[in-house]
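As written in TrEMBL, here are the features:
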TRANSMEM  40-63  transmembrane segment
DOMAIN    40-463  domain 'Ammonium transporter AmtB-like'
TRANSMEM  84-103  transmembrane segment
TRANSMEM  123-141  transmembrane segment
TRANSMEM  148-170  transmembrane segment
TRANSMEM  190-214  transmembrane segment
TRANSMEM  235-253  transmembrane segment
TRANSMEM  309-326  transmembrane segment
TRANSMEM  332-353  transmembrane segment
TRANSMEM  411-436  transmembrane segment
Amino acid sequence: MACSASDLATLLSATVNSTEAATYLCSQLTNVNYAVNNTYLLFSAYLVFAMQLGFAMLCAGSVRAKNTMNIMLTNVLDAAAGGISYYLFGYAFAFGSPSNGFIGRHFFGLNDFPTVDQDYSFFLYQWAFAIAAAGITSGSIAERTQFVAYLIYSSFLTGFVYPVVSHWFWSGDGWGNPAKTDNNLLFGSGAIDFAGSGVVHMVGGIAGLLGALIEGPRIGRFDHNGRSVALRGHSASLVVIGTFMLWFGWYGFNPGSFLTILKSYGGNPVYYGQWSAVGRTAVTTTLAGSTAALTTLFGKRLLSGHWNVIDVCNGLLGGFAAITAGCSVVEPWAAIICGFVAAWVLIGCNKLANILHYDDPLEAAQLHGGCGMWGLLFTGLFAKERYVNEVYSNKPGRPYGLFMGGGGKLLAAQIIEIIVIIGWVSVTMGPLFLGLRKLKLLRISSEDEMAGMDMTRHGGLAYVYHDEDDASGKPSFMMKKVERANDTTPDRKSQAIGV
């Protein structure tokens, strides 16, 4: 919202001291502008942070009961350790402008903060994104990872690996940012990753893939003949609760990435502005997830013969991960295509994982890595010219989606983003996991894994349970029906037949 005292002064010419009155009104309008946009961003940050509860429930339900306390604790520490590391280093590496195109170099420990362009609400919002990436990784290496390894990788990922990628594609100085301040854009367009199909989901998914590959599968995941053995999570109810919490939080994740809402696009109709684009983004997000859920439901029914709620939940989240890159620049009908393909990408990645004996308890690498990759490609194919120029107004007439008549430059930029994310995460997180394994800090012992980490590492079980997949030989607990002893009272059936 632009406000000029000189413009207002002419409207107040009949007023005594019109210039002073205009200056006062402009200052008040500017204050309202900042207040509305910061309130919107804070509310979006709270929604994204609520996704941590969704991650926690999803993870807890997807692991066996004997590891519930462990996976819940790692989710808490993703937020806590990530908060400190992102405050000290991560935010500066990501958004510490002015800087070079590779990494930021200001605002360590939020020094000299806030500024005219960045406020505390922006920091909180970006921190919520950083810990989401770390939460994705924790799912891939669940049920077999030492607790100290979680602390080390989570701090490193949120404090360095993720911030550098977010600097590349979201900072005003980043070399791949489509809103780069100097308009020297990659292929004339930059890579459009509006809310992080690559920056968040691919980073977390690729990191989880590397960790799970270096650790190896859980004991019993594949039999001696190499056949896949399902190690089912203990609570479908928690998985569904977690999925709905994530769905709710995604309305802060995607629409909130506009960062502001009080912005007019300056055309007709006058009621159309950034507030409309925010609503459209929520709609595309909803349609992509819904389509992916239904496609997974019927696809898995054809392949396995079952209506599986866990598969449907994962398919839904895969659709959300895919639409995250292009949610603001595509039509609602295109979001349906995005969700449909994302479901098959997830199904295909899971088939490939079984063939390669890759074990990921939450399908996190397949879901976030595979579907996030498809989301970047989808944006390069279906981004609409009008929406691209509205959302990224710094350079009118830029390239847009290939299938929408915009040429292949945007798609090329999207492919470059995919390649550099895979490369960066591999050269940073790969050596970290290898080093942890070399120091014997990565995987727990086979005895502890069989018994469950809740009992061996966390002082006791999360709750009384019976685990059908527990082959450790340890006593398990199960609620049993209590039969009445020496009950000679005839039952109703006996009474009915006269016995």
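Each residue's number is its place along the chain shown, starting with 1.
Glycine is no exception: its Cβ is also placed from the backbone N, Cα and C atoms.
Note that the coordinates shown come from a computational prediction; the quantities given were computed from them, not determined experimentally.
The stretch from 84-103, 123-141, 332-353 that makes the most Cβ contacts under 8 Å with the transmembrane segment (40-63) is 123-141.
If you look at the transmembrane segment (411-436) against the transmembrane segment (190-214), you find at least three C-beta pairs under 8 angstroms, all six or more positions apart, and that counts as contact. Residues 129, 132-141, 145, 153, 157, 161-162, 165-166, 169-170, 176-180, 253-254, 256-257, 281, 321-329, 358-360, 364-373, 375-376, 379-380, 383, 388, 391-392, 410, 413-414, 416-418, 421-422, 425-426, 429-430, 433-434, 437, 442 of the same chain lie 6 or more positions beyond the ends of the transmembrane segment (190-214) yet place their CB under 8 Å from a CB of it.
Most Cβ pairs under 8 A with the transmembrane segment (84-103) among the ranges 123-141, 148-170, 235-253, 309-326 are made by 148-170. For the transmembrane segment (235-253), the partner stretch with the highest count of Cβ pairs under 8 angstroms, out of 123-141, 148-170, 309-326, is 309-326. Here the transmembrane segment (148-170) has Cβ contacts under 8 Å with residues 74, 77-78, 81-82, 84-86, 88-95, 99, 101-104, 126, 129-131, 133-134, 137-138, 141, 176-177, 190-191, 193, 196, 198-200, 203-204, 207, 211, 417, 420-421, 424-425, 428-429, 432-433, 436, 441-442 of the same chain, all six or more residues outside its ends.
Same-chain residues lying 6+ beyond the ends of the transmembrane segment (123-141) with a Cβ under 8 Å from its Cβ atoms: 41-42, 44-45, 48-49, 51-52, 55, 58-59, 62, 71, 74-75, 78-79, 82-83, 86-87, 90-91, 94-95, 110, 113, 149-150, 153-154, 157-158, 162-163, 166, 196, 199-201, 203-205, 207-209, 211-212, 215, 253, 256, 259, 360-362, 364-365, 368. When pLDDT is averaged over the domain 'Ammonium transporter AmtB-like' (40-463), the result is 94.
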